[in-house]
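Undergrad: As listed in TrEMBL for this protein:
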DOMAIN    57-130  domain 'Peptidase M50'
DOMAIN    140-190  domain 'Peptidase M50'
TRANSMEM  12-34  transmembrane segment
TRANSMEM  54-77  transmembrane segment
TRANSMEM  108-132  transmembrane segment
TRANSMEM  144-163  transmembrane segment
TRANSMEM  201-227  transmembrane segment
Amino acid sequence: MRRNTLLLGRIAGVRTFVHWSLGVTLALLTWLLAESTLPNRLPQATTSQTWSAGIFAASAFVLSLLAHELAHSIVAVRMGVRVDRVTLWMLGGMSELRDEPADPRLDLAIAVAGPLTSLAIGISSLTTAFAIEPFAPEIVTVTVAWLGTTNVVLALFNALPGAPLDGGRILRAWLWRRSGDRLHAAATAARSGRNIGAAMILLGMAEALTLGSAGGLWLTLLGWFIVGSANRELPTATSTGEALRFTHRVDSQHRSKE
Ligand SMILES: [Zn+2]
């Protein structure tokens, strides 16, 4: 993932990268909106209208993904946790932290910042769509409402309780606080993420086979990615502590030399 990325710049002090695969998502989403979602709701709209609205909505959605990721990173930085980078790619965004949060409260604060941001964008877009409905062209209202609904769905989806989803980090923080055992909490959250990912693969395949829908394939791909990430988190759940202790030792050696 670190290869083939382009540095967008430092946003709010966080190095932000874009992977080439984000272009695939942007193109697919624009095409889906312009050729299917918008014409289905507004049969009277012209092709140039649905394509302009599609480009706007898909770009605004990518910006709201970016806001979601930056929210995680900004909260982390504010709380003294170093952030390596934010990367946007085909299946969404990733915030990579250089340090593990030192206590469950920090872990929770960093995790909830993303879904809360998506929820806030979702609710404010839906409110705007409702407010402008009496006087704005119908295609504008429908596009803004789509952006709102999609962000609310994004917030709810990310709140599913399994790592690497945000809900999995929330679960980890909660279990960590209850038991005091971070590694055990992380392993439970990763196992839950693996089950959620497997369920998504099955659901997605069933949807693709019965309805022949592209959404089903997307869900399968997302589920497959979640299972893979959860599996990678399981063994490291026992080794992260050691790796971190090692880094801290290196850091303190550097400091003592200065
Ligand atoms: Zn998130």
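Cβ atoms here come from the backbone N, Cα and C positions, even for glycine.
TrEMBL: automatically predicted annotations, no manual curation.
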Undergrad: Against which stretches of its own chain does the transmembrane segment (144-163) lie, if we need a Cβ under 8 Å and a gap of at least six residues from its ends?
TA: 33, 37, 57, 60-61, 64-65, 68, 114-116, 118-119, 121-129, 132, 169-172, 186, 189-190, 192-197, 226, 229-230, 233
Undergrad: Short question: which residues 6 or more past the ends of the transmembrane segment (54-77) have a Cβ under 8 Å from it?
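TA: For the transmembrane segment (54-77), the nonlocal Cβ contacts are 11-14, 16, 22, 25-26, 29-35, 38, 83, 86, 88, 92-95, 97, 101, 109-111, 113-118, 121, 143, 146-147, 150-151, 154, 158, 166.
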Undergrad: Could you put numbers on the helix, strand and coil content of the domain 'Peptidase M50' (140-190), residue by residue per DSSP?
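TA: Summed over the domain 'Peptidase M50' (140-190), the classes give 42 helix, 0 strand, 9 coil.
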Undergrad: How does the domain 'Peptidase M50' (57-130) divide up by DSSP, counting helix, then strand, then coil residues?
TA: 49 helix, 13 strand, 12 coil
Undergrad: On the 0 to 100 pLDDT scale, where does the domain 'Peptidase M50' (57-130) sit on average?
TA: 92
